[in-house]
Amino acid sequence: MLQTYNTYSLEQEEFQPLQAGQIKMYVCGPTVYNYIHLGNARSAIAFDTIRRYFEYVGYKVNYVSNFTDLGDKILAQGEKEGLTEEQVAQKYEAAFDEDTAQLNIKPATVRSKATEVMPEIVDYIKNLVDQGLAYESEGDVYFSAKKSPDYGHLSHQNFDELEENAAGRLDPVEAKRKQDPIDFALWKGEHREGVKAWPSPWGPGRPGWHIECSVMIQKYLGSEIDIHGGGIDLAFPHHTNEIAQSEGHNHERFVRYWMHNGFVNVNNEKMSKSLGNFTTVHDLLANGVDPQALRYLLGKTHYRRPINYSMDTLNQAQIELDRIRRAYQALTEVQASEKGEDLTIIGRLDEMETRFREAMDDDFNTENALTVVFELVNLVNQYSKEDKQQETVITALQKKMTDWLAIFGIVDLLGQDQLNETEQALFDQRAEARAAKDFAKSDQLRDQLADLGITVRDTSQGQKWERKQAY
Ligand SMILES: [Zn+2]
């Protein structure tokens, strides 16, 4: 039985979805004002691995996520780069798509942007005001935190602790407008020159940061969802405020399982702008880091534990990944010489599958699951060296390796940039067709490659390919 740790109860609980066989999952995405850093990537990878495991064991996962595509961080970046808020958001949304594709993170089922749900945001806030849970104050709207009986539960803080913390970081203008220091903004009046504002019953303005997630969840998944994920730093205030908004709006439980991933440290130090160790995926990949090794490094540690990124841990990840790849490669070179089926090996694979699933069912214990993966690697290495091999066993071993590693987002088992001759020829022809602007031909070649299980994407650096996964 699959169990998952719930930040809300601080306990590991049996996982029971709202609807059998289906999972409604929401994970907070980034504010698109810069390239994603290792912390963003770790969160996306942790929940991608969890999603892939759910899919592997037969669930249909509806995975929704957001881009926060407006706000002061984006405006400030726009000033630096000479771009509008919209241009900054577009630039870094595209960069997010590119970086996450390199890390082989599946796209969300629905990815929504804050600016796309503005009418719904205004209606949602209006509902909270009408119910007396929120109030207007000089063009802003605030949520009365104390009207949410559960407020602070997720971060395990009581009202006294919350008040003490709030007092220290209160903006003086907001302090005058708020009835209570722990109240939080749903809407902020906007009157700055050249800054876009949206119409609302409280005058032109912009939404607070927390409201978009409640609104998107309502719109795309409904009032109650199975899993809400994000970094542990989001538990307060962001997720705490989402609970207040959504449960205030719907009068029912919002999330069954709250899941939070741990931090990424760089050379054993917290990653921060002031320490100058803010590491982006874009820079690492531009410097030649193997995206699959980076993915492997960020996915192998249990999702709740901290990860240390350093040259040493990256090298170690590369060594482990290469060991996996070498075993797989050796297996593909084996020529079967016997018919029939070695039942001892098939039996061992079934037994390993049981232990692999036990590890993943135990709150997605990727570390223990990888111990089983390396047992499989050893078995594959042994088998490849035997005198005689059977086709059925080779196929079973290959399938087990590709299936399990795909859960970790590792699909490049033959190493990078290794298409076979036919695939490479088609790929090169397509590059030529595109250069000659023969798009009919390039589309036809793309289809041919797709039939061979190769997905081709066009990027600013030319065409890239990906081998389709086992499921
Ligand atoms: Zn959120």
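Note that Cβ sites are derived from N, Cα and C of the backbone, with glycine treated the same way.
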205-209, 250-254, 270-274, 335-339 - the one TrEMBL records as motif ''KMSKS' region': 270-274
Range annotated as motif ''HIGH' region' - as stated in TrEMBL, picked from 30-40, 283-293, 294-304: 30-40
Distance, Lys273 (ATP binding site) to Cys213 (Zn(2+) binding site) (CA atoms, angstrom): 26
Cβ under 6 Å from ligand 1: qualifying binding-site residues of Cys28, Cys213, Lys273: Cys28, Cys213
Candidate with the highest Cβ count within 10 Å, taken from the binding-site residues Cys28, Cys213: Cys213
For Glu242 (Zn(2+) binding site), the number of other Cβ atoms found within 10 Å of its own Cβ: 25
Per-residue Cβ crowding (10 Å cut-off), top of binding-site residues His238, Lys273: His238
Cβ-centroid neighbourhood (8 Å) of the Zn(2+) site, Cys28, Cys213, His238, Glu242 excluded: His210, Glu212, Ser214, His228, Gly230, Leu234, His239, Asn241
Euclidean distance between Cα atoms of Lys273 (ATP binding site) and Glu242 (Zn(2+) binding site), Å: 27
Residue pair Cys28 (Zn(2+) binding site), Lys273 (ATP binding site) - Cα distance, angstrom, rounded: 21
